[in-house]
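First comes the structure, then the notes that go with it.
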Amino acid sequence: MPGYPFLKGHGTENDFVLLPDHDGSVHGGLTDEEMAARVRALCDRRAGIGGDGVLRVVRRGADEGVRWFMDYRNADGSVSEMCGNGIRVFAQHLFDEGLADPREPLPVDTRDGVKTITVEADGQLTVDMGVPQVLGETKVAVGDHAWPAQHVDMGNPHAVAFVESLDRHGPVGPLLDEPDYDHAVYPAGVNVEFVVRRGDGHVAMRVHERGSGETRSCGTGACAVAVAAAVADGRGPGSTYRVDLPGGTLTIAWTADDRILMTGPAVVVARGTTGL
Ligand SMILES: N[C@H](CCC[C@H](N)C(=O)O)C(=O)O
């Protein structure tokens, strides 16, 4: 079958189509809109492969030892600065293909700069997600229910609201539509997280992702949630949160030197060829 190679993978069921394009010769010549249309076709869960987004795997020059660039787009074709679950799957793919050594820290360039991935003894991957920005209080709403929300930037924008219940039959509802938010605060859109407490250092969340809708998990969102919870708990740096998502669990550590380390699984489930 003519076409180009793809792989399918997920991190806590936030799923992605990976496009190996090391020298940019497969997809690099497309215009922005042509690439956005290709991404929408690939992410279509009926007529395509299906995914919350696309990770294009591009080799960088060997400057400063950073050899890879993760070109991420949401399912609607829009570009985002970073994808936390996606960068773990991206790294796992490189390890699987022998293109990176899992025994060494792996730097990957993104639109939000270089992130470094390390492999834990249990095979989970830890990503240094950088320094969070806590930008103040905003508000979000679903239907006629509104909540205050913490504005947290993880390279991409988040609004984190603490709610009474995540139940689909409760005020948060089925999240079939984008929550209302302050467009003056988020002119390029926003990822909206709804959080309940599960215990000390333990929360659960649902997320409506910019450009993808409700997903089973959001890595940058889990980081934003852990930061908002630590701030609400008067903790700040030096705290660790377990974040339960519909698709699995992520561990988020806010280090004493103000960096966010996210640890979670990454699985590559299939490979193939497509003409989409
Ligand atoms: N929808 C997000 C990007 C993907 C984030 C999420 N999949 C993650 O794991 O961080 C945005 O537009 O900023």
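Placed from the backbone N, Cα and C atoms, the Cβ positions cover glycine too.
The structure displayed is predicted, hence computed values, not measured ones.
The active site, proton donor annotation in TrEMBL covers CYS83. Under the heading active site, TrEMBL lists CYS83. Annotated active site, proton acceptor per TrEMBL: CYS218, in sequence order. As annotated by TrEMBL, substrate binding site applies to ASN14, ASN74, GLY84, ASN85, ASN156, ASN191, GLU209, ARG210, GLY219, THR220.
In this structure, the binding-site residues under consideration are ASN14, ASN156, and the one with the smallest number of other Cβ atoms within 10 Å of its Cβ is ASN156. Same-chain neighbours of the substrate site beyond ASN14, ASN74, GLY84, ASN85, ASN156, ASN191, GLU209, ARG210, GLY219, THR220, judged by a C-beta within 8 angstroms of the site's C-beta center, are, in sequence order, GLY53, SER80, MET82, CYS83, GLY86, VAL207, SER212, THR215, CYS218, GLY221. Within 10 Å of CYS83 (active site, proton donor), counting C-alpha to C-alpha distances, fall the following of the recorded positions GLU209, CYS218, GLY219: CYS218, GLY219. CYS218 (active site, proton acceptor) is 7 Å away from ASN14 (substrate binding site) when you measure Cα to Cα. CYS218 (active site, proton acceptor) is 8 Å away from GLU209 (substrate binding site) when you measure Cα to Cα. Around the residue listed as 'active site, proton acceptor', the C-beta neighbours below 8 angstroms that are at least 6 residues distant in the chain are ASN14, GLY84, ASN85, ASN191, GLU193, VAL207, GLU209, LEU245. According to its DSSP assignment, ASN14 (substrate binding site) is in a strand. Largest CA to CA distance in the substrate binding set (ASN14, ASN74, GLY84, ASN85, ASN156, ASN191, GLU209, ARG210, GLY219, THR220): 16 Å, whole number. Mapped onto three states, the DSSP output places the residue listed as 'active site, proton donor' in coil.
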